[in-house]
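Feature annotations, courtesy of TrEMBL:
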TRANSMEM  7-26  transmembrane segment
TRANSMEM  59-79  transmembrane segment
TRANSMEM  91-112  transmembrane segment
TRANSMEM  118-142  transmembrane segment
TRANSMEM  163-180  transmembrane segment
TRANSMEM  212-230  transmembrane segment
BINDING   HIS214, HIS276  heme binding site
TRANSMEM  242-265  transmembrane segment
TRANSMEM  271-294  transmembrane segment
Amino acid sequence: MRIALKWIGVLTTIIMMVVLIGGALVTNTGSTLGCGHHWPLCNGKFFPDPLTLNSFIEWAHRFCTGIASAFVFILAIWSWISIGHKKETKFLVITSIIFLLLQAFLGAAAVVWGSSSIIMALHFGISLISFASVLLLTLLIFEVDQKFEASDLIIDKGMKWHTIGVTIYSYIVVYSGALVRHTNSSLVCRDWPLCLNNAPGLPANKFEWIQMGHRFAAGLIFIWIAYITYRAVKHYKHARVIYWGWILALIIVILQIFSGALVIFTSLSTVVALLHSFIISCLFGLLCYLILIIGRSKSA
């Protein structure tokens with residue numbers, strides 16, 4: 001029974017990641033209205049007709065979202081019954097369902113009624129919370145926290161607050177990145193790391209402000225995670241989940257910055273843009289897991 005639940009957890013996590021990346025693909029290819037203003041049908045039909053690249057991308061994203069919804073509900077009910085005694089389970093179950101439904105509503109609203117860039121930028125972030133909830137549920141099912149003996153960890157309050165703070169801040173970085181894409185500001189600055197490397201100065205318009213604001217936010221999260229990693233390496237060598245968790249977080253944030261630069265250098269390559277979304281999703285999932293760990297640890 002538990003083995004089957006583990007498989008459901010893994011499959012649901014993978015499908016939710018596919019939905020995340022699929023949503024990014026819809027945005028990056030301009031396929032939001034690939035099925036017209038119809039929802040849940042595509043141009044009034046189950047399968048897109050006429051079939052175009054944009055209509056297929058939008059249809060495939062909706063189809064994957066439907067499958068993901070079914071898997072999330074199965075995982076949620078089964079987890080509630082099987083591991084409901086774990087203190088985090090019910091919260092994660094409720095969170096995964098609420099944000100899954102909210103994500104679907106925002107997606108449908110954008111198609112049927114249209115929506116502003118500010119609101120649509122929330123779509124990816126809401127999907128990310130649902131994904132992270134499913135990921136943590138799966139880790140609880142596998143009892144990863146017990147393998148690391150989280151309840152025996154002693155972590156100082158400063159480290160705990162840094163972990164919570166940088167996770168919340170990472171969500172702001174995610175939103176700023178989504179806003180860049182939804183306002184078509186991805187290539188407004190031709191250089192990197194500055195908007196114009198040969199002419200440093202303040203942004204000239206709102207699109208440059210959005211782009212450079214995101215880069216500044218990304219720079220801050222790199223510094224913050226680098227500092228936390230320094231503390232983890234210095235003081236938590238005995239706690240391998242903290243030690244290696246933050247080293248991995250630093251590696252991921254470096255890859256994220258590198259992929260962000262590649263978005264500029266490749267003139268918004270779809271593959272690179274999707275990689276950028278994938279990496280930040282992995283980082284957010286890891287940070288949420290570290291919060292779960294510190295929530296079970298003892299304070300110094």
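The backbone N, Cα and C atoms fix where each Cβ goes, glycine too.
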Contact between the transmembrane segment (271-294) and the transmembrane segment (7-26) (at least 3 Cβ pairs under 8 Å, separation 6+):
yes
When only pairs 6 or more apart in sequence are counted, do the transmembrane segment (59-79) and the transmembrane segment (163-180) reach 3 or more Cβ pairs under 8 Å?
no
Cβ neighbour count within 10 Å of HIS276 (heme binding site):
24
Among all protein chains shown, how many Cβ atoms are found within 10 Å of the Cβ of HIS214 (heme binding site), not counting that one?
22
In three-state DSSP terms, the structure that HIS276 (heme binding site) belongs to:
helix
